[in-house]
């Protein structure tokens, strides 16, 4: 039955964010501006790190990978959202829905692992500054980045295969994209197993990196408090402030969406949180890392001076 239903279900209908035409036009303009800021901002971060030799350090290497992940994540959902704002029928083919869920979940999972790796990098930089270049060598950085992306794709592939083996009762998704929890609501069978898998995945992908971040920053704060000069403490804190801001946004929204009790959640709340994570966070990341970072701003000035 499940396989026959999947064959028949050639497309899904997305309810989106609003059914009012004037609201959709306004949202189209807003989201288009945010999308352009996201893509241009993250692309600029990657370009600056690539062109300026002063930024060829582990911290900025991980930042460039994070910007790449944000671009991929945004491109997996926002272009479709923009098209649907101006469309009378908000449909998405079955295979496009599978691909969208696979990519968005992979990029989202990879981002959590990357934030954990970046926290470890900051821990080594603050707590072991004399051995920093020896510990955070190029091979380790490449291995960590590849491991983060690989783990994210493995988690996404497993979840996607399990979800799309289920039979469907209908094809109307109360969301603006093919999001995991929204797609699970379409099924005709008991999804207790899927809820357990989501909980296990949430613990491994969200909570383990979160514990690593908390452990790293406890050690970092302890090390900063032992610095005698106020200027030294301020400089050490500045190197971590941007990362800590991004961590708070990403982990906060993810824990609210995937790790709270199901009875306390609603489709509309999940849409708003997913919207913040899919559109707002990738747009804010380059702004946070550039405006709060003197080295990035200096690299931008040097690039503009050359042009």
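Glycine is no exception: its Cβ is also placed from the backbone N, Cα and C atoms.
Lifted from TrEMBL, the feature list:
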DOMAIN    41-289  domain 'G-protein coupled receptors family 1 profile'
TRANSMEM  25-48  transmembrane segment
TRANSMEM  60-78  transmembrane segment
TRANSMEM  98-120  transmembrane segment
TRANSMEM  132-154  transmembrane segment
TRANSMEM  196-218  transmembrane segment
TRANSMEM  239-260  transmembrane segment
TRANSMEM  272-291  transmembrane segment
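The stretches the transmembrane segment (132-154) and the transmembrane segment (60-78) are in mutual contact, each linked to the other by at least three Cβ pairs under 8 Å (pairs 6 or more apart in sequence).
Taking every listed stretch (25-48, 60-78, 98-120, 272-291) in turn, the largest tally of C-beta pairs under 8 A with the transmembrane segment (196-218) is reached by 98-120. Remote same-chain residues near the transmembrane segment (60-78) are listed as 31, 34-35, 38-39, 42-43, 45-46, 49-50, 100, 103-104, 107-108, 110-111, 114-115, 117-118, 121, 141, 144-145, 148-149, 176-177, 278-279, 281-282, 285-286, 289, 295 (criterion: CB distance under 8 Å, separation of at least six residues from the stretch ends).
Cβ atoms under 8 Å from those of the transmembrane segment (98-120) belong to residues 59, 62-63, 65-66, 69-70, 72-73, 76-77, 80, 92, 144-145, 147-149, 151-153, 155-157, 159-160, 163-164, 177-180, 183, 205-206, 208-210, 212-213, 216-217, 243, 246-247, 250-251, 254, 277-278 of the same chain, restricted to positions at least 6 beyond its ends. Among residues of the same chain six or more beyond the transmembrane segment (272-291), those with a C-beta under 8 A of the stretch's C-beta atoms are 17, 31, 34-35, 37-38, 41-42, 44-45, 63, 66-67, 70-71, 73-74, 77-78, 104, 108, 175-177, 179, 242, 245-246, 249-250, 253-254, 256-257, 297, 300.
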